[in-house]
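Undergrad: Before I ask anything, here is the structure I am working with.
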């Protein structure tokens, strides 16, 4: 009886082992038949676009195509255009209607007859007008700069100039508002030049926020840092990559002859074959 029980247990173990082997083969077949989804062309294009949009100091790869619509829609470009318009209004208003002649042929500034106020507003506005044009062109050419050091210099120039000019616009607003407050109605007969003075004060106030916004955007661009994987080490200095030239120091082996493969070494002591004579 014990022998029969042992034989039955052994048979059951063999059947369970065969069943587990069958389950493993079924799992393998299912894994082979199921195919992983392949990346589509759209997903590849999206990943390439993401890689193209990342680069040094917020710009893409050097030499990428320029998109004017995307450039105009950028917040930095919008702020520059607004700053350009505001500066043009400030110095244009002062030059056209900022001077009046009250009882004499000599022209006086509408801001409390203080020519320094008119000169200061005109100078700050005119320089800001030209600077906006310069930085718009620099932003258009920024993506074409391959050197990371040159990009860093351009961003630092933008930070310094924008921050300093935001402070000068604040001084201009305070100076013009103070001098306009001290201006008496007797100095401006028929309220001559009053609209130009108010326009200069108003848009100098708006210019404080636009130039402060440009400073913030430049700081954010600087904080992005660099993506070194998109640039070679030669691009750090703005130099093109140099191809290695062959040198004459390499030596060639003297023994140019090699024995053919699959040849057997001939034994000199082996007996030679002789043709039988009939």
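Don't overthink the numbers, they just go from 1 along the chain as shown.
In case you wondered, yes, glycine gets a Cβ from its N, Cα and C as well.
Since we're looking at a predicted model, the values are computed, not measured.
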Undergrad: Kindly point out the range from 27-48, 49-70, 159-180 that TrEMBL annotates with transmembrane segment.
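TA: That would be 159-180, per the transmembrane segment entry in TrEMBL.
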Undergrad: In TrEMBL, which of the ranges 6-24, 101-119, 120-138 has the transmembrane segment annotation?
TA: 120-138
Undergrad: Ranges 81-100, 221-240: which does TrEMBL label transmembrane segment?
TA: 81-100
Undergrad: Can you name the far-off residues of the same chain, 6+ from the ends of the transmembrane segment (120-138), with a Cβ under 8 Å from a Cβ of it?
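TA: For the transmembrane segment (120-138), the nonlocal Cβ contacts are 77, 80-81, 83-84, 87-88, 90-92, 94-95, 98, 154, 158, 161, 165, 168-169, 172, 175-176, 200, 204, 207, 211.
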Undergrad: State the non-local partners of the transmembrane segment (159-180) in its own chain: residues 6+ outside its ends, Cβ under 8 Å from one of its Cβ atoms.
TA: 90, 110-112, 114, 117, 120-121, 124, 127-128, 131, 135, 197-198, 200-201, 204-205, 207-208, 211-212, 214-215, 218-219, 222
